[in-house]
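Copied from TrEMBL, the annotated features are:
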- Ser53, Tyr122: Fe-coproporphyrin III binding site (BINDING)
- His182, Glu274: Fe(2+) binding site (BINDING)
Amino acid sequence: MRPYDAFLLISFGGPEAEDDVIPFLENVTRGRGIPRERLAEVGEHYFLFGGVSPINGQCRDLLAAIRADFTEHEVDLPVYWGNRFWAPMLTDTVRKMAEDGVRRAVALSTSAYSNYSSHRAYLDDIERARAEVGPDAPEIELIRPFFDHPGFIEPLVDHTLQALERLPEDKRTGARLLFSAHSVPTAMADASGAPEQGYGTGGAYVAQLEEVARLVAERVGGGHRYDLVYQSRSGPPSQPWLEPDINDRLEELAADGTEAVVVVPYGFVSDHMEVKYDLDNEARQTAEKLGLAFERALAPGTHPAFVRMVRELVAERAQGAERVGLSTLPGCPEGSADCCAQR
Ligand SMILES: CC1=C(CCC(=O)O)c2cc3nc(cc4[nH]c(cc5[nH]c(cc1n2)c(C)c5CCC(=O)O)c(CCC(=O)O)c4C)C(CCC(=O)O)=C3C
Ligand SMILES: [Fe+2]
């Protein structure tokens with residue numbers, strides 16, 4: 001697919017054995033001022049799963065689905081995969097691409113929204129990896145945040161409907177939808193998007209989350225009431241992060257008479273550790289303690305619409321076609337040098 005000669009999936013990475021856990025956490029938190037107690041606590045989440053994060057397996061599944069879809073639709077691009085924090089590391093993959101003679105690649109991150117962690121960090125890591133590889137490194141163009149692409153929305157709608165079906169029948173109609181995304185420091189949220197786009201408090205990140213929640217709830221139908229909640233807060237307690245935390249919101253809802261919730265992990269593309277631990281263990285326990293019926297919708301994963309979206313985004317970028325999206329938000333400008341800048 002001209003002008004590209006390769007496709008690259010970039011993800012977060014996760015440990016795949018007990019001995020990987022601490023080195024992985026050190027990679028993630030280098031220079032980030034995360035308290036030691038928080039690190040020890042998060043390490044325990046991984047040890048509970050034998051030191052294996054589900055994220056790499058989920059990337060392998062997605063890669064297999066993308067390869068099959070490319071083949072079926074005659075998209076003649078070799079498919080590569082590199083992670084920011086664990087093997088296969090992005091730098092090693094970029095070196096391999098250079099050895100294979102790749103000159104210009106199109107890249108997709110497993111991250112749908114605009115903010116430093118979800119967007120700028122990927123751009124920075126691409127440039128770091130290219131610099132480490134040297135002059136033979138290919139050019140790598142990162143596909144824009146895709147939060148409102150129909151291929152991201154449709155799987156969330158399908159999976160929310162499936163989760164509602166799993167609730168006891170008498171609790172379905174009154175069920176509340178909780179849209180859960182990764183919390184970030186409020187300063188990071190406020191600086192998300194491009195400065196000239198003039199987002200107010202919460203920046204592009206919160207505006208995008210509001211739009212996605214609305215788009216999904218509308219399509220799910222049934223008049224379910226819904227909330228935006230946040231999970232996986234880290235950092236020192238003195239630093240403000242986006243709220244409400246999902247567990248606090250569950251307490252309030254139970255006190256107000258809510259009987260059932262469906263949690264939609266709309267901040268993520270797969271059911272990785274932050275979903276499996278923070279939602280399926282922690283939030284579920286909170287709900288059980290409060291007597292709330294609880295179901296968790298699946299993340300997009302390898303939903304056919306999501307896999308198709310990858311090909312459509314590659315084509316959009318290759319053709320310089322207009323951005324496809326279901327919201328009226330502009331998204332980060334293509335090739336922007338100063339969006340999502342503040343860490
Ligand atoms: C916005 C966002 C996404 C979504 C976008 C995206 O997907 O990129 C995301 C994804 C993920 N975050 C992950 C893991 C972790 N994130 C941490 C820490 C942090 N995340 C942050 C933000 C985000 N994180 C922030 C602002 C921090 C504080 C430190 C810093 O400023 O960077 C820490 C350190 C310990 C802790 O404090 O929790 C860990 C272990 C995994 C892998 C899960 C697995 O292994 O399956 C995934 C997919
Ligand atoms: Fe994170």
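Just so it is clear, glycine is given a Cβ too, placed from its N, Cα and C backbone atoms.
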### Message
Please list the binding-site residues from Ser53, Tyr122, His182, Glu274 whose Cβ falls under 6 Å of any atom in ligand 1.
### Response
Ser53, His182, Glu274
### Task
Round to the nearest Å and give the CA-to-CA distance linking Tyr122 (Fe-coproporphyrin III binding site) with His182 (Fe(2+) binding site).
16
### Query
Given His182 (Fe(2+) binding site) and Ser53 (Fe-coproporphyrin III binding site), what distance in Å do their CA atoms have, once rounded to a whole number?
17
### Query
In angstrom units, rounded to an integer, how far apart are the Cα atoms of Ser53 (Fe-coproporphyrin III binding site) and Glu274 (Fe(2+) binding site)?
9
